[in-house]
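S.K.: So Swiss-Prot lists these for the protein:
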type: BINDING; residues: TYR38, GLY63, CYS64, SER65, ASP88, ASN89, ASP116, LEU117, ARG199; note: S-adenosyl-L-methionine binding site
Amino acid sequence: MSRDEIYRQSQSFLDDFGFGESVATVFDDMLERSVPFYAELQRMIAEMAGDFAMPHTRIYDFGCSTGTTLIGLDQAIGPRGLTLVGVDNSQEMLAKCRAKMAGHAFANAVELIRADLNQGVVMENASLALMILTLQFVRPLYRDRLVRAIHDGLEENGALVLVEKVLGESSLFNRSFIKYYYEFKKRNGYTELEIAQKREALENVLVPYKLAENLEMLESAGFRYVDVFFKWYNFVGIVAVK
């Protein structure tokens, strides 16, 4: 696994954060060192998927990146006649995904699709949809519409599993949670320069909502049951059932 050192050196000009080749190459390391309890989150997602993945349906992973979640789902669920559909807008991420998947003997069918979630989604025969640290990168203007489209594309009793970075409900807690998160990143080997430069690159690219705003968006989209299954300061996991 290549180590994430994209922001290791001081840069006089920072491009907006994107998912091109440089990020795709180190993305697995970036996630493991930047997302609290990342391995446990993956295990929990696969565990829940086992309850919602109906035989002979499709599971959509929107923002599948390098395929870690799809591989984990397939291993946990086993053969059910499913089609696992990975959707991403980055050609470089999809290339890394294909390469990683080549080393895994899948028990279910797999499809990879390039698509821009800002333009909506097309789903069929879907029992489960995943958005793991993805919705936060969709332009706020399109989020409500996207979540409604996912709800409408799910079969009855189908589920959406959503993991997001969130804002604190108050400015007091928000400042504290950000401070704790940066301390977490330092413990995982990131320098203050790396943290500051990545924060600047992500500004206006990653736009988090408050937890309450995400819950309201899911309920407004029509989901009957919505609950939080994971919370760590400014990271949250939500499951919603149609």
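Keep in mind that glycine also has a Cβ here, set from the backbone N, Cα and C atoms.
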S.K.: Residues with Cβ closer than 8 Å to the Cβ of ASP116 (S-adenosyl-L-methionine binding site), same chain and 6+ apart in sequence?
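M.R.: Residues satisfying the criterion: ASN89.
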S.K.: What same-chain residues, at least 6 away in sequence, bring their CB to under 8 Å of the CB of TYR38 (S-adenosyl-L-methionine binding site)?
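M.R.: The answer is LEU31, GLU32.
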S.K.: Work out the three-state DSSP category of ASP88 (S-adenosyl-L-methionine binding site).
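M.R.: The three-state answer is strand.
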S.K.: Might you list, by sequence position, any residue in that chain lying six or more from ASP88 (S-adenosyl-L-methionine binding site) with a Cβ less than 8 Å away from its Cβ?
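M.R.: Within the chain, ASP88 (S-adenosyl-L-methionine binding site) has Cβ neighbours under 8 Å at PHE19, GLY63, CYS64, SER65, LEU94, CYS97, LEU112, ILE113, ARG114, ALA115.
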